[in-house]
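Per Swiss-Prot, these features apply:
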type: CARBOHYD; residues: Asn50; note: N-linked glycosylation site
type: CARBOHYD; residues: Asn149; note: N-linked glycosylation site
type: CARBOHYD; residues: Asn222; note: N-linked glycosylation site
type: CARBOHYD; residues: Asn262; note: N-linked glycosylation site
type: CARBOHYD; residues: Asn310; note: N-linked glycosylation site
type: CARBOHYD; residues: Asn465; note: N-linked glycosylation site
type: CARBOHYD; residues: Asn527; note: N-linked glycosylation site
type: CARBOHYD; residues: Asn576; note: N-linked glycosylation site
type: CARBOHYD; residues: Asn610; note: N-linked glycosylation site
type: CARBOHYD; residues: Asn682; note: N-linked glycosylation site
type: CARBOHYD; residues: Asn723; note: N-linked glycosylation site
type: CARBOHYD; residues: Asn732; note: N-linked glycosylation site
type: SIGNAL; residues: 1-19; note: signal peptide
Amino acid sequence: MWSGIPIFALLSSIGIAAAETGLDGWLRYASVPCNGNCQRALPSHIVTLNSTRSSPVYVAGQELQDGLHQILGKHASVKSTGCSTDSSIIVGTVEAYRQVCNAGRQVPQLDVDGFWLSIREKSVLIVGQSERGALYGAYEYLSMLAQGNFSQVSYATSPHAPIRWVNQWDNMDGSIERGYGGPSIFFKDGVIRQDLSRVQQYARLLASVRINGIIVNNVNANASLLMPSNMDGLARIADIFRPYGIRVGISLNFASPSTLGNLSTYDPFDSSVIAWWGNVTDQLYARIPDMAGYLVKANSEGQPGPTTYNRTLADGANMFARALKPYGGVVMFRAFVYDHHISEDNWYNDRANAAVDFFKPLDGKFDDNVVVQIKYGPIDFQVREPASPLFANLYKTNTAIELQVTQEYLGQQSHLVYLPPLWQTILGFDLRVDQKPSLVRDIISGQRFDRPLGGWAAVVNVGTNSTWLGSHLAMSNLYAYGRLAWEPTLDSEDIVQDWIRLTFGLDRRIVDTLTQMSMESWPAYENYSGNLGIQTLTDILYTHYGPNPASQDGNGWGQWTRADHLSIGMDRTVKNGTKFSGQYPAEVAAMYENIETTPDNLLLWFHHVNYTQRLHSGKTVIQHFYDAHYTGAETAQTFVSQWESLRERIDAERYQHVLTRLIYQAGHSIVWRDAINNFYHNLSGIADEKQRVGHHPWRVEAEDMQLDGYVPYAVSPFETASNYTAIVTASNGTTGTASATLDFKTGTYDLGINYYDMYGGKSHWTVYLNDRVVGQWQGNSEDVLSHTPSIYLDGHSATRITFRDVKIHKGDRLKIVGKPDGVEPAPLDYVVVLPPGIVD
């Protein structure tokens, strides 16, 4: 039971808190009103049935003491002896409760890491199957209090699956691959950081949502992590995580015996290689006795692996598994294996087939402490994919699902995208193996195929930024991941409401507003990025951030759309295409094979159709594209006004931080909308029935203005500039001026200016009306926003600034002065003069 419903009406009108950085996340333990009667109804003592400081039970006692004080102003003493339930919280394991208190008969049956929480007036029992479970129960109790829930309860809960891990793609130099929240909290300059204070804070957050394992380094691993001095550093990290019930594991580079060990081979059948890995494993466990195990990316995207020596992927995984077996360690072996040099000229080639092609023949050949870690979809964390068919093809192999909290393809934390509704499309999908219920969530738990291991992994990539992920709102995804890994049937809306109450307080207006924004965010992003199963139409060859649909095709990466002037989509049918649909069990395969039974939202994933193909909605494919992109961008505009309605209810620091990102998202969603619509309008030659695409009556194109020191510039990709053209200063030392006489009716408008904010310079612009300064700004988004910057004029650097409520008279003279800096030539795309209520 995680839900917390405030029982005091006054809690819905709590005022603004002091400024907050976000460092505490959902563990901020904000004060909840608790008068004298409330205070007297709370326990006065905390009994921890383990006094060892490295014990999660001891930590539970400290968390309870701190939480009671911060949330309710209650000072509770902590002791490790006694079993009196009078005005006490007793926290410990089932075994300790039975031994020390001569009790425990009433404790329900618990699975590994499960706990029982019993609240009876001033008597609280928190009993875990393990010490980790006891800590989880303590966090559960505190979560209830922090949400104003003082209910008397008695219930037991156990995890959905034994493996609930997070992955960090941290590099030894301190950078983080696909990380948008600052540098690594673990590594710097090739070694483990001396200051690991952020690690302890991260451990608290993870434990509070019941995460029990972490891989601390990038799957594209650097063998230098295995040097003795770095092993010592890993031990320091593990010592910090241990009291929070979190076991540390590491990613391995398959070729380490050669690159680090100076062996002539890394063949997994070679005795010297086997011995080398055995010695490394022994050294690690000597330092970290409870190490979780290894994560391995092999024979994928240039990473070395066993197939170099004509060994199977199972051969490679089992080599590590046997080294770990004496210590109880686990190998998480990624199923993300594919050839990124395949030819699109072959109609039957399909990257989506790779996982099943590689792993299905190996089912039953992996050792029992190997878990195959499978991305939720067949390609790569796209805005919508079908469930990976590999889940339905490994009956005799342990599996785990791989999700992504970091928004690599989904806005990189510069766009609000609440991900659980996307994840639930996969977790709740019934693969119908052998015509029996086979939900993905029941397969990864081990339940469906009676497997001993299984579970969850999520790529998180927190960094040293005080918001952890680069955005306050993005933390809802980390919170929700932990919640779902424990209980995947939870409702996405209920989860985000709990997170909102814990993060922003109990004000009903805040809860309702942020719930609406969050639940609308993924559909909006899908609408303005890529829909109908076409994938996220981002630049797959560069940043994975802004729009560039052409980048999907014409290369070996296999994220093809096969779009031409007549048709679009991948034919993945057995009858005519790549035969991918046939990788599913019969009932699902039949659904996807037939265009009539394929859901519209996956039509272009499974079928190659004309732009004029009618959907079940009655719209053509191309008109759906146009409409969806306009709808998505319009929704993104509403996020700003919704958030602004909370101005007086949220501390200024977090309010402004979020507002900056939502304003940016509103502008960038229009960049996305126009780029995708212009691209397919140009490609298909089919007009928008509503005459919006290519028609912008409120715009003034920069290249049509009177230019002095500015020159026109043909932007590439062409669709990422209005009318395909921008302006740049004639040189990096030249100030540019663009002027125009405005031919709009006299009135009050929002004045928007679309420009490009490139990495490598911080240009400065000033906008004037009749020589009166309207506003000025600097191109410094690389210092403000989290997404990967670009050195080009493109869909990544394109953005908008808006000056609101500007009084304009017909015939006013608009002037923009741009001063270049570094490599950035003060680029401008267009000006838009928007009447109230109009979305450009």
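Quick reminder: no glycine exception, Cβ is built from N, Cα and C everywhere.
In sequence order, Ala628, His629, Thr631, Gly632, Ala633, Thr635 are the residues near Asn527 (N-linked glycosylation site), counting only same-chain partners six or more apart with C-beta under 8 A. Least crowded of the glycosylation sites (Asn149, Asn222, Asn310, Asn723), judged by neighbouring Cβ atoms within 10 Å of its own Cβ: Asn310. Of all the glycosylation sites listed here (Asn149, Asn222, Asn610, Asn732), Asn610 has the Cα closest to the Cα of Asn576 (N-linked glycosylation site). The separation of Asn723 (N-linked glycosylation site) from Asn149 (N-linked glycosylation site), Cα to Cα, is 56 Å. Its own atom aside, the Cβ of Asn682 (N-linked glycosylation site) has 14 Cβ atoms within 10 angstroms in the protein chains shown. A Cα-Cα distance of 41 Å separates Asn465 (N-linked glycosylation site) from Asn682 (N-linked glycosylation site). Of all the glycosylation sites listed here (Asn465, Asn732), it is Asn732 whose C-beta has the fewest other C-beta atoms within 10 angstroms. The least crowded of the glycosylation sites Asn262, Asn576, Asn610, judged by other CB atoms within 10 A of its own CB, is Asn262. Secondary structure at Asn527 (N-linked glycosylation site), as computed by DSSP, is helix.
The DSSP secondary structure for Asn732 (N-linked glycosylation site) is coil.
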